[in-house]
Amino acid sequence: MSSLYQKLSRRIGYFFADLGLLELALTHRSFGGKNNERLEFLGDSILNYVIAEDLFHRFPKAKEGELSRLRASLVKGDTLAELAREFELGDYLKLGAGELKSGGFRRDSILADTVEGIIGAMYLDAGMDVCRQHILAWYKERLDATSLKIVTKDAKTRLQEFLQARKHALPQYDVVNIVGEPHDQTFYVHCHIELCEEFIEGKGNSRRIAEQNAAAKALKKLEKKDV
């Protein structure tokens, strides 16, 4: 095993029998040829299952919606990107020249996908039991800190429920501008609601975050109006 992969293996706590699987898990589609997309697909399903199973046993009285929101908070891209940075995965990615130049090794989406790729590769290399063991080890602190008391619906969900309860049309979100270099972009989104004459703007470093920020502002405005 190369010293580079030994270092990474120590960080993730697992040494691959088939190094080719690890190398494939680290290969972005921009590199050309075989890449980690199929492993990512597999890893995503395994991660969702392992976290769902743990939460099911950890919170025996939780409702389905509460468990779903807890799981979503743990498997979302932001959390996976945090894990990737803890492992310093950016140092090991195989990226195409353009992606490398634009800072792809720092991009949350690429880092998150790589974590899922490694999970898929680990499953193929050692099976479900070993894979589960390592996922739960990676997530131990986050799982131990999880509580039903802090489960909250995101702003878009709360806004949708607010409008549905009052029999109003659902909001519409439009990306109106994207500013910055590919590796450091700011998205501007307009949220349109029939109860508001003007659009509500939100911004963030991803479309999802911009939409959530717009929804939060819209909800605050509607609650002030006491619609």
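Here, residue 1 is simply the first one shown, and the rest follow in order.
Here the Cβ of each residue, glycine as well, is placed from N, Cα and C on the backbone.
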> Swiss-Prot has ASP113, GLU116 binding Mg(2+). Which one of GLU40, GLU53, GLU181 is in the same site?
Replying inline: GLU40
> Ranking the recorded positions GLU40, ASP44, ASP113, GLU116 by other Cβ atoms within 10 Å, which is at the bottom?
Replying inline: ASP44
> Can you tell me how far the Cα of ASP113 (Mg(2+) binding site) sits from the Cα of ASP44 (active site), in Å?
Replying inline: 8
> Could you tell me the C-alpha distance between GLU116 (Mg(2+) binding site) and ASP44 (active site) in angstrom, no decimals?
Replying inline: 5
>> An 8 Å radius from the center of the GLU40, ASP113, GLU116 Cβ atoms defines the neighbourhood of the Mg(2+) site; name the other residues of that chain inside it, in order.
In response: ASN36, GLU37, LEU39, PHE41, GLY43, ASP44, ALA112, THR114, VAL115, GLY117, GLY120
> Can you tell me the three-state DSSP label for GLU40 (Mg(2+) binding site)?
Replying inline: helix
